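*Asks:* My questions will all concern the structure given below.
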Amino acid sequence: MGNFRPKKRFGQHLLISKGVIQKIVECLDIKEDDTVVEIGVGTGQLTEEILRRNPKIVYGIEIDKTVYPIIEERFKDFKNFVLIKEDFFDVDLRKLTDGKIKLTGNLPYNVASHILVNTAFYIDILQLAVFMIQKEVAQKLVGKPKTKDYTFMSVFLQTFFDIDYVMSVPARFFSPPPKVTSAVIRMIPKEKLPVSLDHMKKYKNFVSMLFSNRRKMLRSKIDKDILERAGIDPKARAEELSVDDFIRLFSEHLLYKHDGKNENS
């Protein structure tokens, strides 16, 4: 790592365990024609292991200007590595390839949830994603109804992905050690999307709205007719519904709004 010091404002905790790095790369199942995108290259520990598997190309997205010289020197001999010197949220992944991508990274804790939600909007070009994130966030990704871990993020991402909790990772495997345990998760897009890309943003806002004041009954947030048409108890709360319930409820919500427009036209 040379003289590099991880920066708190970027939420940087560099992964230094070779065993965990290898496990992440194994989960990516890299083939020679793969396009891999890494979010947050840091000093390149994970990047190097990815490049050893010889994918077609690796795009490393990094916002921290102070590590650019380190990355460029470390990977100067790799023709299949491209450093993208930008914030992930300013990068259009669709412009990187005409095919599918594999997405990975040891995500900064301060923006991990935002990145995870954003990942869903690339599901049409995503082959799979493997991330290191805070354990608390990982538990929410695989959260079940009627538990404290079941949140907006659980429902939204489980709608589009099959999510595996791969392993927990202790703080000592990072530099500097974070104050929390981390976890590796793998997200594989579902073969058939229950909500179209065109409606994804509306669905995100819909689920988020239902989880606001999560203890309130659904009848206080959504028309009773929609609930009845979806077969949902008006007295139920968002945390009690399955992912399939949310999908069905959203479908009825769209139909109801469409019918309402027709009636008013």
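Quick reminder: no glycine exception, Cβ is built from N, Cα and C everywhere.
According to Swiss-Prot, the protein has these features:
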- His13, Leu15, Gly40, Glu62, Asp87, Asn106: S-adenosyl-L-methionine binding site (BINDING)
*Asks:* Return the count of C-beta atoms lying within 10 angstroms of the C-beta of Glu62 (S-adenosyl-L-methionine binding site), excluding that atom itself.
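*Replies:* Looking across every protein chain shown, the total is 25.
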*Asks:* Tell me the Cβ contacts of Leu15 (S-adenosyl-L-methionine binding site) under 8 Å, same chain only and six or more apart in sequence, or just say none.
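*Replies:* Correct list: Ile21, Gly42, Gln45, Leu46, Asn106, Met132, Val169, Phe173, Phe174.
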